[in-house]
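Just below is one structure, and these are the notes that go with it.
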Amino acid sequence: MALIFRLSGKRFGQQMLITDKSGLFNFVRPVTLKAKPALSEKEEGHDERNMRLKRPQSPHLTIYAPQLTSMLSITHRFTGMALSAYAIALGLGAVVLPESIPHYIEELECAEIGSSCISAIKFILAFPITYHFWNGIRHLLWDAGKFLTIREVYITGYVMLALAISSAIALSAM
Amino acid sequence: MALALFLRSSARLQALPNLSRCVQFAPSSTSRPFSHLVQQLNKNPISATKSKVNVIATRGMSADHSKLWPIEKAVSIALLGLVPASIITPNPILDNLLAVAVVAHFHWGLEACVIDYIRPIIFGPVIPKLALGLLYLVSAATLGGLLYYNHNCIGIGCTAF
Ligand code: HEM
């Protein structure tokens, strides 16, 4: 292909030199384009690129102001991991522990640690599930495309927090 | 690729009014294969543009997630009903459904965490794979343990009280 162009260019230039009488075209030389394979872009991932450019982690947690949005978001992940830990402990504990699970619960209830301490333990167990439950609804609503404006995200955030804390208190009082 | 580049630049050259007036390589014998090629490129614009995009930056993370996503959401919605139901009215069927749904749900959830934090760029190529393998092991063991607990003990629903 390039050959055709070069050849035609040559012929073309000669034609011009012949037909041109003003002499202007003596300076004009036919342009020859050389075909070259395009250089491919560097294969580099998102992280590699940011590391090479010495960019700080995004969001830059040590300087970025904590906001309700980010704090609730990471808490959802944290409570999810806590609940997973509870579920894994229960599942593996049921098989591995020498006594049955109800036996340990009974022991805990009979131990003289005070009812407030029991309630505190219950709250620690209950809050992750209530938080994750109510915030899970929020996530699913977002996934359905609802409540996605900043204002709505804040409103649902406060409503969810109130529901999560009050239901956790209710559960740990039982 | 080279050809496409070449054609494009020559097209641009032709677009320059002065040159296009001068450049009249109209001898039909040479122009025919040329236009023929252009047509072929145009006929298949997707492949033409594809060849321009050499590298689509790969994050090296999850593969096609579009099929699994609705299932994950369905399980989350199921949990929404299963968790309160099995606390309020504990029974073996709910307990077993809950065990399966919870393990599936936290497995996908923890998988996302492992992929986000235990990245090959930080931990090298081996550890992330080991971590995922370990997660599969833990999830399977937990499912077994929870089902065992449901069948041989009081079950998940009762334990919550
Ligand atoms: C009670 C009903 C529950 C609902 C409605 C629910 C809902 C959700 C949703 C929607 C997500 C995805 C969040 C996102 O899009 O980033 C999620 C993540 C997660 N959930 Fe649940 N969940 C529930 C119970 C549980 C339980 C019982 C566990 C553990 C045993 C759990 C563990 C997790 C984990 C580990 C994640 C991943 C966190 C993350 O990727 O940030 N969830 N949950």
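From the backbone N, Cα and C atoms, a Cβ is placed for every residue, glycine too.
Annotation comment: TrEMBL describes B:His105 as heme b binding site. Residues or ranges marked as ubiquinone binding site in TrEMBL: B:Tyr117. Taken from TrEMBL, the feature transmembrane segment covers B:130-149.
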- request: Take the C-alpha atoms of B:Tyr117 (ubiquinone binding site) and the residue listed as 'heme b binding site' and report the distance between them in angstrom, rounded.
  value: 19
Task: Determine the most Cβ-crowded residue among the binding-site residues B:His105, B:Tyr117, using a 10 Å radius around each Cβ and all protein chains in the structure.
output: B:His105
- prompt: By the DSSP assignment reduced to helix, strand and coil, which category contains the residue listed as 'ubiquinone binding site'?
  reply: helix
